[in-house]
């Protein structure tokens with residue numbers, strides 16, 4: 001097997017293994033936190049963690065099942081029967097099965113001297129779905145739970161060891177999910193080269209530094225006004241949902257699924273930027289950044305005016321504002337640096353070893369298998385590359401949604 005193909009296959013296996021370990025680690029950490037809260041008599045905190053965990057799991061399995069049923073039956077001929085897959089999703093094990101199946105696909109190709117184009121393309125197809133589901137899971141479950149834990153810490157004035165573990169792992173996990181999703185989208189467009197190490201590091205850092213202050217601002221407001229944070233969330237969520245509806249998204253195979261997607265995207269936009277439609281993205285990204293920044297400033301200012309520079313728990317609000325502001329502007333600077341100098345937006349035509357996937361060369365024959373979901377998102381994210389990318393209509397003709 002050529003070295004480049006072997007590296008591609010090995011990467012799929014590693015991604016599948018990391019996804020499985022991350023899923024299990026998050027589950028163990030959540031259940032550990034629930035047990036600790038119950039032992040401390042904090043039943044409301046334990047219930048909130050379980051509610052967040054449950055609703056995220058249900059939505060994740062629902063997305064996974066809708067995508068499976070939308071795909072042609074012959075595409076997943078190596079998977080389990082449809083009734084058994086339905087049972088796995090009902091038991092909340094659909095995402096875990098996807099990770100295991102993706103890793104199995106990669107391992108099976110490791111024993112082939114020269115994997116076929118179809119096998120390599122199918123491995124990419126599975127990896128793209130896993131990356132999208134992991135991103136959804138990060139914002140449906142990890143981000144709200146991280147906000148809850150930070151609010152608890154701010155209320156109590158101290159953090160237990162399991163809380164510090166959850167906070168650090170959640171911040172890193174969410175930022176990694178954003179990076180992995182961004183990298184996976186580039187495999188859908190022939191004119192987009194893959195991210196290098198320096199570009200990946202800067203992309204990871206600016207997402208971490210911009211997301212952190214936003215979550216901390218919401219957590220601060222939640223700690224000070226625990227009965228009003230739900231009203232704040234639903235108010236902004238409705239505004240963001242209306243904004244998404246105006247953009248006319250077309251991601252899911254039917255209208256009901258599309259509204260589920262819009263509801264989920266509105267939740268993600270409450271915390272971070274996510275491009276949901278085609279066209280030039282810079283204007284929408286700037287509008288969203290100003291909107292979220294203004295809202296975060298309003299949340300912090302309200303907490304400051306009502307409680308002064310010290311929270312009832314004894315934590316210095318001035319210290320939190322200083323650190324959060326520094327992180328935000330550093331993250332904003334890194335974001336500008338990334339898109340000005342490190343964003344690989346040029347078109348290139350590399351020499352490829354025979355038998356490799358050939359995703360980046362516009363002169364190679366079209367792939368036999370396309371992930372239409374990821375291709376649509378990639379065309380939205382990389383608007384300039386859409387003209388050189390595989391057209392959505394051509395993807396549909398290939399029979400893969």
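Heads up, the Cβ atoms here are built off N, Cα and C, so glycines get one too.
Annotated features, as they stand in Swiss-Prot:
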type     : residues : note
TOPO_DOM : 1-8      : topological domain 'Cytoplasmic'
TRANSMEM : 9-29     : transmembrane segment
TOPO_DOM : 30-47    : topological domain 'Extracellular'
TRANSMEM : 48-68    : transmembrane segment
TOPO_DOM : 69-158   : topological domain 'Cytoplasmic'
TRANSMEM : 159-179  : transmembrane segment
TOPO_DOM : 180-200  : topological domain 'Extracellular'
TRANSMEM : 201-221  : transmembrane segment
TRANSMEM : 224-244  : transmembrane segment
TOPO_DOM : 245-258  : topological domain 'Extracellular'
TRANSMEM : 259-279  : transmembrane segment
TOPO_DOM : 280-284  : topological domain 'Cytoplasmic'
TRANSMEM : 285-305  : transmembrane segment
TOPO_DOM : 306-313  : topological domain 'Extracellular'
TRANSMEM : 314-334  : transmembrane segment
TOPO_DOM : 335-401  : topological domain 'Cytoplasmic'
MOD_RES  : 356      : phosphothreonine
MOD_RES  : 361      : phosphoserine
MOD_RES  : 375      : phosphothreonine
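Among the recorded stretches 48-68, 159-179, 259-279, 285-305, 314-334, the one sharing the largest number of Cβ pairs closer than 8 Å with the transmembrane segment (201-221) is 314-334.
When Cβ-Cβ distances below 8 Å are used as the criterion, the topological domain 'Extracellular' (306-313) is approached by residues 154-157, 223-224 of the same chain, each at least six residues removed from its ends. Sequence-distant contacts of the transmembrane segment (224-244), counting only residues of its own chain at least 6 positions beyond either end whose CB sits under 8 Å from a CB of the stretch, comprise 151, 155, 218, 262-263, 265-267, 269-270, 276-277, 295, 299, 302-303, 306-307, 311. The transmembrane segment (48-68) and the transmembrane segment (285-305) are not in contact, since fewer than 3 Cβ pairs between them lie under 8 Å (pairs 6 or more apart in sequence).
Of all Cβ atoms in the shown protein chains, 22 besides its own fall within 10 Å of the Cβ of residue 375 (phosphothreonine). Using a Cβ-Cβ cut-off under 8 Å and counting only residues 6 or more beyond its ends in the same chain, the topological domain 'Extracellular' (30-47) has close neighbours at 53, 145, 148-149, 152, 160, 162-163, 166. Over the topological domain 'Extracellular' (30-47) the predicted model carries a mean pLDDT of 90.
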